[in-house]
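Read the structure below first, then the notes.
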Amino acid sequence: MTTALAASIPSPTQGVWYLGFFPIRAYAMCILAGIVVAVWITQRRLEDRGGTSGQALDVAAWAVPFGIVGGRLYHLATSWQPYFGPGGHPMDAFKVWNGGLGIWGAVALGAVGAWIGCRRQHVRFLDFIDAAAPGVAVAQAFGRWGNWFNNELYGGRTSLPWGLEIHQWDQAAGKAVVDASGKPVVLGTFQPTFLYESLWCLLIALAIVLLERRLRAAGRPLVPGRVFALYVMLYTAGRLVIELMRTDEANHILGLRLNVWTSVLVFLFGLALWWRFGRRAAAAGKDTATAAPETAPGEDAEVSAGEATVPAGPAARHTSDAGARAADRGSSHDPD
């Protein structure tokens, strides 16, 4: 056992520290760090889209609380037994710091909060969620390290050199159980699914940023909303694979973990968003092309000699008629 553990990834033996009577929980710190980085990334990207300083923080003031509530509600709805089942503890439903935030609910209700914030700050919603997409992925990458501190959400047993050492955990105390000699009890080495998802989220953020740059340089930028749709599809594709590796307790439907089915449905939702935003942009482009033959107000309707005459727009014809009437009256002044 000692040889096997020597080649493994160690896990913390403590997930909470106390400053006097005030608990400092690693899980909460990881989430907070992710939020800070996400807001910073979103602000920079929002300014590239014409936003002003501080808008990302103002919108996040709505999106973050909504997201935390949504994440907790999803967790309670899909893992209700420890709280509301036989022998459960209903009051533990409010103990968010012990872990238990479902990303699906966090993104869904967080988007509602972001929409409210965008309305109040006069920010275009699609621009905001596109700007926020890689930041949200980075925040998820940070948040997964909270699972590492809590020794939770791992996969099956493994002898791989990057296997994760997991301790028997005292959830109430926030630390590993110790044996008679005072040493933490090690359950074995397991697949570090938290690490897989963290790395996948970082790759998503990098892929989105690089793809956007390449398409803009080529003169073919993604239409509004498609960056967010791409994030949804990429995350759910990876989450589906990782979810199949996890061995922690979960509700099942037709033999598969509930979050496997959720991943499939949310991926299809992201695909529908991609198609929808593309159709909307195409329709807007057709409308612009239809209106293009009209001359813009103030534009000269005449062309140089030898060229075909361009039909003048309403404003140009009005100006021409006014000039002709002034000439007929013998006016010697040009119109203002």
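Placement of Cβ uses the backbone N, Cα and C atoms for every residue, glycine included.
Residues or ranges marked as transmembrane segment by TrEMBL: 16-39 (among others). Distant neighbours of the transmembrane segment (16-39): 56-57, 60, 64, 96-99, 101, 132, 135-136, 138-147, 149-150, 173-175; these residues of the same chain sit at least 6 beyond its ends, with a Cβ under 8 Å from one of its Cβ atoms.
Residues or ranges marked as transmembrane segment by TrEMBL: 59-77 (among others).
Distant neighbours of the transmembrane segment (97-118): 23, 25, 27-28, 31, 58-79, 124-125, 128-129, 132, 136, 140, 143, 146-147, 150, 152, 171, 174, 232, 235, 239, 259, 262, 266; these residues of the same chain sit at least 6 beyond its ends, with a Cβ under 8 Å from one of its Cβ atoms. Annotation comment: TrEMBL describes 97-118 (among others) as transmembrane segment.
The transmembrane segment annotation in TrEMBL covers 125-143 (among others).
According to TrEMBL, the transmembrane segment annotation covers 194-211 (among others).
Listed by sequence, the residues of this chain that lie at least six past the ends of the transmembrane segment (223-242) yet keep a Cβ under 8 A from its Cβ atoms are 103, 107, 124, 126-127, 129-130, 132-134, 136-137, 140, 193, 196-197, 200-201, 204, 207-208, 211-212, 259-260, 263-264, 266-267, 269-271, 273-274, 276-278, 280-281. Positions annotated as transmembrane segment by TrEMBL: 223-242 (among others).
Per TrEMBL, the feature transmembrane segment maps to 254-275 (among others).
Summarising the annotation, TrEMBL assigns region 'Disordered' to 288-336.
The compositional bias 'Basic and acidic residues' feature in TrEMBL is assigned to 326-336.
Cβ atoms under 8 Å from those of the transmembrane segment (194-211) belong to residues 9, 41, 133-135, 137-138, 140-142, 144-145, 147-148, 153-154, 162, 164, 222, 227, 230-231, 234-235, 238-239, 242, 245 of the same chain, restricted to positions at least 6 beyond its ends. Through the fold, the transmembrane segment (254-275) approaches residues 78, 104, 225-226, 228-233, 236-237, 239-240, 243-244, 246 of its own chain, all at least 6 residues removed from its boundaries and within a Cβ separation under 8 Å.
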